[in-house]
Amino acid sequence: MVGSHKASGVLLVLLVVMATTIANGTPVVDKAKNAATAVEDTAKNAATAVGGAAASVGAKVSGAKPGAAVDVKASGAKGDSKTDDSAAFAAAWKEACAAGSTITVPKGEYMVESLEFKGPCKGPVTLELNGNFKAPATVKTTKPHAGWIDFENIADFTLNGNKAIFDGQGSLAWKANDCAKTGKCNSLPINIRFTGLTNSKINSITSTNSKLFHMNILNCKNITLSDIGIDAPPESLNTDGIHIGRSNGVNLIGAKIKTGDDCVSIGDGTENLIVENVECGPGHGISIGSLGRYPNEQPVKGVTVRKCLIKNTDNGVRIKTWPGSPPGIASNILFEDITMDNVSLPVLIDQEYCPYGHCKAGVPSQVKLSDVTIKGIKGTSATKVAVKLMCSKGVPCTNIALSDINLVHNGKEGPAVSACSNIKPILSGKLVPAACTEVAKPGP
């Protein structure tokens, strides 16, 4: 079509030139050549423009637009609670990670053997969930600290759960758990692992019946978890709700946790952590530690736990370190505005923590605790000892402040008491029970 327009144009120009030449006496051949060249260049430019437009349209038709959402069902997922959808999720992640886009998960129950969502990715990635996940019920040992579902080395990641449930089906695993005999508790999968995430958000997900820990946050920086649910019965052994370690700038804002171990456990290398508006119970409370079990542990610094409700748990807020430990540090810690409801040992520092007898009993812990503030703690204690501060003989606690504590016990043993060892706390405000009226001893 361009060719026919080109020929018509050339003929028209030649006629005009010839007429002008006859009138002005200018050589016809030179004028005609110049006119023909101009028309040909115009035609080439037009053809190039048309061809470029066609190529662009072809690219859009033949390939997915960068950043477009990837539907996991388009990648082959069934969501029928029976088919293993692991391969479909892997394919969807590969596509979304390469483009920096969103994965959408429609309603359904997705059975997955295991999943690995690994970066780095080309750009920010969002996982938008409207379905639930279910693990196999069978018990399989894994490499230490492995996860059922892993998110690893991703920046600017968002997980919008929309109340999605990750069901680890752990009841058979709890029966097979032999931690009490061996002290080895890491051969079962963690429900969800977040490793090496930066500038990321985890919103509105629930982990149920994990075979081991529910969530593990390791080597992360600047991530926020909100509207988190953890649900497992009290008999689920070693099912810490959310464990945080070797991470900086983690914010846990809003969680309801019921489990068989610590609701929140804070491991070595944790810095600048905020835990806020957490409801905990049943479980073992909110704990820093245990620390000092392994060599080369990193300091814990800048931990704030505030505005929490702890109910029907074995402990409230506590710091626990192993006797006979290598040197370590935990400092700049704040427990504030926390309500206890029928909690055993609501406030506890235990530097002789020795579960299952796997420790060097009688050898002082070398983890130094300092600059700890325990403020605004109120409610009821299920045990007569409501505050127990048992620090290390080797490196006694320093700058431990107690302020505005009101914990009551209505049992047959009498009113609540406070027991201390190797510590001279800084006291302020009203303290019930009165501080350090008894000597702290190992044991519950």
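These residue numbers are counts, starting from 1, taken along the chain as shown.
Keep in mind that glycine also has a Cβ here, set from the backbone N, Cα and C atoms.
Features of the protein shown, as given by Swiss-Prot:
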SIGNAL    1-23  signal peptide
REPEAT    220-246  repeat 'PbH1 1'
CARBOHYD  ASN222  N-linked glycosylation site
REPEAT    247-268  repeat 'PbH1 2'
ACT_SITE  ASP261  active site, proton donor
DISULFID  CYS263-CYS280  disulfide bond
REPEAT    270-290  repeat 'PbH1 3'
ACT_SITE  HIS284  active site
REPEAT    300-321  repeat 'PbH1 4'
REPEAT    330-351  repeat 'PbH1 5'
CARBOHYD  ASN342  N-linked glycosylation site
DISULFID  CYS391-CYS397  disulfide bond
DISULFID  CYS420-CYS436  disulfide bond
Notebook entry, point to check: Which of 220-246, 300-321, 330-351 shares the most C-beta pairs under 8 angstroms with the repeat 'PbH1 3' (270-290)?
Noted result: 300-321
Notebook entry, point to check: Looking at the recorded positions ASN222, ASP261, CYS397, which has the shortest Cα distance to ASN342 (N-linked glycosylation site)?
Noted result: ASP261
Check: When you scan the chain for residues with a C-beta under 8 Å from the repeat 'PbH1 5' (330-351), skipping those not six or more beyond its ends, what do you find?
Finding: 281, 285, 288-289, 291, 299-321, 323, 364-365, 367-383, 385-392, 397, 400, 405, 407, 422-423, 444
Next item on the list: Note down the number of other Cβ atoms within 10 Å of the Cβ of HIS284 (active site), including every protein chain shown.
Entry: 24
Notebook entry, point to check: Under 8 Å Cβ-Cβ from ASP261 (active site, proton donor), six or more apart in the same chain: what's there?
Noted result: SER236, LEU237, ASN238, THR239, ASP240, GLY241, GLY283, HIS284
Checklist line | Inter-residue C-alpha distance, CYS397 (disulfide bond) and CYS436 (disulfide bond) (nearest angstrom) | finding: 14
Next item on the list: Could you say whether, by DSSP, CYS280 (disulfide bond) belongs to a helix, a strand or a coil region?
Entry: strand
Note to self: Quick check for the class: what is the C-alpha distance, in angstrom and rounded, between CYS280 (disulfide bond) and ASN222 (N-linked glycosylation site)?
What the structure shows: 24
Note to self: In whole Å, how far does the CA atom of CYS420 (disulfide bond) lie from that of ASN222 (N-linked glycosylation site)?
What the structure shows: 36
